[in-house]
């Protein structure tokens, strides 16, 4: 097929929406596309999927390198700044996907489940049914892994399962194109064949329509807003509404509907249907710190920007032979390990044996400067992004307005818990040892004094951590799952069946329900959550 070809997508016009559907899904992102596929498999069941952004399934959106969109606002990318964090002297650039497929259309495409122990801890914390043994099948349900050449056993099976380095798995199809959840779960031919599935794009799922059933708040429908014409329409729901709007969007939908911290809702004159303090709280994210080094221009992604002929060559390689840089994700490998397995210089212990701990740091080599700061671009650069994978710091999201499409106030509160400095110091030391080893082995890497710590004592490292930092855009836990809504630690917003506490006919299925951020790239866990949610809806457990 000609690579620039595209076909029309069978989404439904706003004015042709039905007045009622069995299931309404608010948010057509990473999780929403999975749910729409699974819930509409029965032709007798009607499903409406509401997505804020466009379909926009173009050739450019399928090329891995070209479709990573973190730097500019566009059809598929929403940018905003966090609230100013005084102790770090900055606001943080925050990115999320917009368009059918959500963040799976613009992310680094990493597919990593995390360790089984991660989910066993979820179950032990009160999330019954979420142990590894119980969720593994929902990971496998979505997966179609094409194995490559076998590795030697010593590379493929490291002795310590909490430490690893290797080629990552990515959400790519057989032609190496990006395979976001809209393409994997809602291809045009499937949607066209399912008359019971309606997808409306460029529409906002505003506030929920809440009535009463047995003296309990119950969701009866959704106010849908045409994003450009500002027209509104109420669509009723026969069974359930599932909100999949992400860690920022989901608490916004709930709060605008009168579900959330009562005092905050009253500040905006929103009638309180359910006081639920966990909504909007407990925001977590993987926090990164970048060291950068000088390398030959030809080894840096900067060459694409500074040497236009490089881009022309790579474009022709893709167009004619289907190969080249354009089919490569920006990050292709990473190191993940427990900081407890490193000595005081950041070198892995050789004789300590297996460390019984979940990984808490990651180091990702990136062929450009992975920080938001502007640096001299006269020569090529390469960076090592050190990330804390099990952060203790917690943030929150709040309403800034009662407008459904307004940006939220986001308080990231990075490094507010001083324990987060400990693994970051270890990761920075390891990154410096990696730089030393590269140079020792003959690679032409040069120190870049302004983009490196000025020493390896705690004070120097902490100063650097406070300066060269960024979000990794892995936001979670703002409507977290748990067994109780009133636990001493702040409670939960949804139960282990993903039902919102105290409100009937309403579930949440996205990264906002994670009890805490997984020590892995979260995309795989989001898809698993959607798969499990669909299963719980279609095959309810008798209580």
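All positions are counted from 1 along the displayed chain.
Glycine is no exception: its Cβ is also placed from the backbone N, Cα and C atoms.
Any TrEMBL annotation is an automated prediction that lacks curation.
If you look up TrEMBL, you'll see 474 marked as active site, proton donor. The number of other Cβ atoms within 10 Å of the Cβ belonging to residue 474 (active site, proton donor), over all protein chains shown, comes to 24. DSSP classifies residue 474 (active site, proton donor) as coil under the three-state reduction.
Under DSSP, residue 521 (active site, proton acceptor) is assigned to coil, being neither helix nor strand in the three-state scheme. Residue density at residue 521 (active site, proton acceptor): 27 other Cβ atoms are found within 10 A of its Cβ, drawing on all protein chains shown. Residues or ranges marked as active site, proton acceptor by TrEMBL: 521.
Of all Cβ atoms in the protein chains displayed, 28 besides its own lie within 10 Å of the Cβ of residue 522 (FAD binding site). Taken from TrEMBL, the feature FAD binding site applies to 103, 522, 523.
Mean model confidence for the domain 'Glucose-methanol-choline oxidoreductase N-terminal' (246-260) is a pLDDT of 98. The domain 'Glucose-methanol-choline oxidoreductase N-terminal' annotation in TrEMBL covers 246-260.
Each residue of the domain 'Glucose-methanol-choline oxidoreductase N-terminal' (246-260) gets a DSSP state, and the totals for helix, strand and coil are 11 helix, 2 strand, 2 coil. Calculated from their C-alpha atoms, the gap between residue 103 (FAD binding site) and residue 521 (active site, proton acceptor) amounts to 12 Å.
Counted over every protein chain shown, other Cβ atoms within 10 Å are most numerous around 103 among the binding-site residues 103, 523. Apart from the site residues 103, 522, 523, the chain places the Cβ of 30, 104, 107, 474, 511, 521, 524, 525, 526 no farther than 8 Å from the centroid of the site's Cβ atoms, the recorded FAD location. In this structure the C-alpha atoms belonging to residue 474 (active site, proton donor) and residue 522 (FAD binding site) are separated by 7 Å.
Between the two most distant C-alpha atoms of the annotated FAD binders (103, 522, 523) there are 11 Å.
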